[in-house]
Structures are given as C-alpha cells and as structure tokens.
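Enquirer: Below you'll find the structure I mean.
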Amino acid sequence: MTLAETPNYKNSSNPLLSLNYESALESLGDDYYDEVAAAEFPQHILRWRNDALLPRLGLDPQVVKDEDFITAFGQFQGRKPLLALRYHGYQFGEYNGQLGDGRGFLYGQVRATDGELYDFGTKGSGRTPYSRGGDGMLTLKGGVREVLAAEALHHLGVRTSRCLTMIETGLPLWRGDEPSPTRSSVMIRMSSSHIRFGTFERLHYFQRPDLTKKLLDHVIEQYYRHLSSEQDKYVLFYAELVKRVAELVAQWMAAGFCHAVLNTDNMSITGESFDYGPYAFIPTYNPSFIAAYFDYYGRYCYGNQPSICKLNLQMLQEPLKAILDKDEMEAALERFDEYYQAEYSSLMLKRLGFVELSYPQAAELLNLTVEFLKDSQVGYHQFFYEMARTFSSKWRDEPGFVMNNSDIVPVPGASGIFDDWCILYHKILNDFDSDRIDVIAQTLAVHNPKTALLRPVIESTWKAIAQEDNWQPFYELIQAIQSRK
C-alpha cells in the first residue's frame, strides 16, 4: 500500500495525520527496509507532547488535541507503510550483522516549514524482524530519559533529535537493569534522518555497491542538497560529514555529555545526536568517566568520544570506497581534529564568557581551566554556573575578587591552580572596557544555565513518577531546561 492509498490520509480531521507526509525513503525500494505492523497497547496515556516542534511542522499547538497524538502515535491509525530499516554495525569494536530497527520503525517523513525533511521514528512500538528475541518495547523510564536528554542537549546548543511525543502504554515489562515489572511507553523521535553509518555497512557486507550508490545519492539529495549539483558531490559529502561529526562531539564534550554507546549503528549519517540509552552528564571533569555499566573497558568513556567518532568515520570509508576515492576520504578525515578543536575551543570560551580571545590567551585559559577542573574535582556544571551567578566587574580590579562569592571549594592540593586561574582571568579582563564586561556577563548567563541533567536529578524525577505517579517534577524539570534556568 502506498502513502496515497493510506486510509483517511489526506482527509483526516487529525492534523498530525494530515501533514504532508513524503515517501522519499520508501521510494528507494524494499532492499532497505521491511514493512511491519505496530503493536496494539492496552492503554494510552499522553505523558509528553512537544508543542515547541509543532510550528515547525506548520501546526498550531492550540489546534492539535491530546487525542490526536494518541490516535496518530499511540494507536498508529491511518499510517501505512510502517518501515523497519535494515542496518548492521560495529558494536564495541565487533561487527554485528544481526541488527536493524528492533523496537521501532520509520513512521513517516515530513517536509517542515524550513524546507528540511524530517523523519518520525518510533521507539517501543513492538516487535520487528530485527527484535532478536526482545519484546520490542520501551520502558517508561527509558522514554522519560530520552525526552530529558534531547531537550537538555537541544537547549545547550547541541544538534540533536527531539522527542515529539511520549505515551504510556500500560504493559508490564521485565528488564534486568530496572526493578520489574516496570511500566511501558512508546515515543516518536523527530530526527533529520533515520539512516545510520550501519545502513551503509550492511550494504557493503552483502556486496551491493549499486544499492550503496543509490542510498548515497538519496542522502545527498535529501540532506546535503547544496552539494547535489556539484561534480565532486560524493567526496564533498564525506568531507562535510566529517566536519559535522567533529563539531557534534565537540558540543558533547563542552556540554559534559557522555553518549555511552557510540556503535556505528548509533551514528547518524547527517551528523546529528540521537538514540539515547544509558547516557550521562559528567558530575566532575573526568576523561575516564563511563556512562554505561556494560562498557567494562571504557571504550566509550567521556574522554574517548572524539577518537571513537573519528574511528567510526574511518570505518565508514569501507562501504563508501566503491564510490569515493580512499585517498580523498583520508584527506578529508585528516581535518577532523582541526574541526573538533575549533568548535570545542569556541564553545568552552563562551562558557567562560568570551566570544573571542587571542589565540595565546584562549589556549592558556582553556588549558588552565581543564587542569583545574580535573585536579579540583569541583562540579563540572556547578563551576560554570557559579561563574555566571557571581560574575562582577570587580573581577577586573583585583584577582582576589574573582569567584570570591562563589560556592566553589577546590579539594586540597588544587588551590594553587585555582589561584593561578583567578590571576589569569583577572589579567584577561584588564584588556576589556565596561561595555565588553557587560557582554561577558551576558555570555556567561546564556551558556551556563543553573539546571544540569545529572543522574541524581533524573533519578529524583523518576522516583516521583515510579512511586507516586507524580509527573509534576518531570514537567518542572523540562520547563527549567527549556527556559535555561
């Protein structure tokens, strides 16, 4: 059944079903996906609707009812075909050819008001041919965590998928890493693309360069449209993907975010952050911080993220080399570190209050900041928030005024580094007039919100839901994240 034949598709009174759904990926043919059926749930309770995304889809939040979300994204009425995408991937360094959408599917693709194509992908919508013995479901806690991660990262300026909605579905689930039975949910993830590095790796595994080229042409036409008419569009695509991924991981690092599971099947071909599992925001600066309890050797620890993303880009060259020149891809990848460092330095300087500094000043300040954070083990997010909260023009007068009203207390042995940092910050401020001091205060406030999505915050929010069915802390936390308070 094609989209045009979908029952009630164009004439539906449900605004979410009346969107201008496109069949860009479906038109590639069934070498890339399987048609699947959605699970039927005993209950549908709308727990989250992301009204901030609706105007981008040309919808008025006041017009779209809660029941519309449930009908479209909980009961999946009026939408066919539903497509489970096929892909493989390197998981913790080992190739896995048994992957694919195991608990979700591509619900549809929508051209937004900005002209960009967005994918609606489900999570927790039931079994598919790739469920590998799993139930295809999503725990309610898993849904809550993904909503929070996506909103937090988006409002920190990280390029990320967003959660359009989350619906509790009334099924008891059994999990080894949660008290069970636990509650269930289904969610809709709005992302720039459902296609992963692993989508190409699967085609290479089956030795289908024809399908690889067809998919790559599709990716460029839909997500790198500015390159579609270029003679060297393939190598230009790879070069831009390198830049996007390098900048993305720099955004994670500056935000203190650890993705936890950077397998190639969790890497988006558009260079967007998505697929949030056991992620965590670091409590203190520790390059060895591990977010996933099953990452026994720390492969995906916080400090390894840049090198792992670079490695994944290098492994992507294998399926692409049937179309792209290997040497040209290597030349593009060599710029990864340059892109990463430029983005990371820019973001960290903004967290320190500066839109720009001379290279010697910037390098010295960043190096000393990281050294202090590492040795002192003060709260990573607390340090930057305290800078924003206590910043004063008096910091320019004497080094002793810098951070003197903050709650930052270095551990014994780190006070000397902290003194050096205060002296350097004071010295840099001496070069700024009063107008530029005001800009520093504004920059600090914008880039260092009070609310940090640390694990105790998430667990406290979940405890209220699990024990009392109290959702107020969840909504208040999202409000704080969105308002950057």
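Heads up, the Cβ atoms here are built off N, Cα and C, so glycines get one too.
These numbers come from a predicted model, not from an experiment.
What Swiss-Prot shows for this protein is this:
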| type | residues | note |
| --- | --- | --- |
| ACT_SITE | ASP265 | active site, proton acceptor |
| BINDING | GLY100, GLY102, ARG103, LYS123, ASP135, GLY136, ARG189, ARG196, ASP275 | ATP binding site |
| BINDING | ASN266, ASP275 | Mg(2+) binding site |
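Context for these features, please: burial, neighbours, distances.
Expert: Packing around ASP265 (active site, proton acceptor) is summarised by its Cβ count: 20 other Cβ atoms lie within 10 angstroms of its Cβ, all protein chains included.
For the recorded site, GLY100 (ATP binding site), the DSSP three-state label reads coil. For GLY100 (ATP binding site), the same-chain residues that are 6 or more apart in sequence and have a Cβ closer than 8 Å to its Cβ are ASP34, ALA84, LEU85, ARG86, TYR87, THR128, PRO129, TYR130.
Taking Cβ-Cβ distances under 8 Å and a sequence separation of 6 or more, the neighbours of ASP275 (ATP binding site) in its chain are SER161, VAL261, ASN266. Under DSSP, ASP275 (ATP binding site) is assigned to coil, being neither helix nor strand in the three-state scheme.
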Enquirer: Check the Cα-Cα distances from ASP265 (active site, proton acceptor) to the binding-site residues ARG103, ASP135, ARG189 and tell me which is shortest.
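Expert: Nearest listed residue in space: ARG103.
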Enquirer: Let's check the environment of ARG189 (ATP binding site): how many other CB atoms sit within 10 Å of its CB?
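Expert: Its Cβ shell of radius 10 Å holds 24 other Cβ atoms.
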Enquirer: Inside 10 Å of the Cβ of ARG103 (ATP binding site), count up the other Cβ atoms and send me the figure.
Expert: 23
Enquirer: Which of ASP135, ASN266 (the binding-site residues) has the most other Cβ atoms within 10 Å?
Expert: ASN266
